[in-house]
Amino acid sequence: MPYAPAALEKPVTINRLHKMKMDGEKFITVALYDAPMAAMAQKTGVEAVLVGDSLGMTVLGYDSTIPVTMEQMIYHVEAVARGNKKSLIMGDLPFMTYATPEQALTNATRIMQAGAHMVKIEGGAWLVETVKMLTDRGIPVCAHLGLTPQSVHKFGGFRVQGRDEARAGEILDDAAQLDEAGAGLLVLECVPAGLARRITQAVSMPTIGIGAGDGTDAQVLVINDILGLTEQPPKFSKNFLQETGNIPGALSKYAEDVKSGAFPDEAHTFS
Ligand code: KIV
């Protein structure tokens, strides 16, 4: 039966997202930053929302996510949590606020107290101890691999990651170690579709792709891209407002296309 977007009836838990992976049912994620959009996501049945540090670029006008502060993240997590009582809310820990496990614990506590249900951190095997530290203390963690924007200067730009065998193997190994450490979800950003599919099959945690093809357990897009607000949109994003003409319609069409597997298609995928 085709998916029809409908309001979430009860709060989405991490267990429900894990069950959806087991059942092969894709879930919808949107990165957004304010109460009205958060409320619309709840009405559209968006299972998970991410208060991403992309807000540095999409809302605050910076060139990267690096200048984003804890105070800015907390301000936006609180707004999203006020607008949405049903989606699972993830909050990013910004640049250098989780350089040590102890620092991660202090800052993740603040994000959770602002209303998030999970924190997201960028990086590979070096975060194993941090993931254990947080999850052992009751803070669920979403890991983030591939193009991790906080490392943009290390990568020399916003570049697809994992096209060569060595880097692909590294990302695969990082994913396995973070899964083993207890991470609950994994964002895969800008990696070839084949690699994302391999990782999704190898790990128990659900994967959320952005520029990672159609083989992940879920998709995430930034609300500004969905609504055509980005001046130079990345190849993997899609302006759903163009074909629908209004904001609720754009969000619904995105949700429908993720559920049916129509998005992402070849044109929005890296190989
Ligand atoms: O900050 C963000 O919005 C993100 C997504 C693009 C995955 O990390």
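From the backbone N, Cα and C atoms, a Cβ is placed for every residue, glycine too.
Nobody curates TrEMBL annotations by hand; they come from automatic prediction.
According to TrEMBL, the 3-methyl-2-oxobutanoate binding site annotation covers D53, S54, D92, K120. A C-beta separation below 8 Å, combined with a sequence spacing of at least six in one chain, links S54 (3-methyl-2-oxobutanoate binding site) to A31, T65, P149, V222. Secondary structure at S54 (3-methyl-2-oxobutanoate binding site), taken from DSSP and collapsed to helix, strand or coil, is coil.
The Mg(2+) binding site annotation in TrEMBL covers D53, D92, E122.
Non-local contacts of E189 (active site, proton acceptor) by the CB criterion (under 8 A, 6+ apart in sequence, same chain) comprise H144, L145, G146, L147, T148, P149, Q161, G209, I210, G211, A212. According to DSSP, E189 (active site, proton acceptor) is assigned to a strand segment. Annotation source TrEMBL lists active site, proton acceptor at E189.
Here the binding-site residues are D53, D92, E122; the one with the fewest Cβ atoms within 10 Å of its Cβ is E122. The Cβ neighbour count for K120 (3-methyl-2-oxobutanoate binding site), using a 10 Å radius and every protein chain shown, is 25. Within 8 A of the CB centroid of the Mg(2+) site residues D53, D92, E122, the other residues of that chain are G52, S54, T65, V68, L93, P94, F95, K120, I121, H144, P149, Q150.
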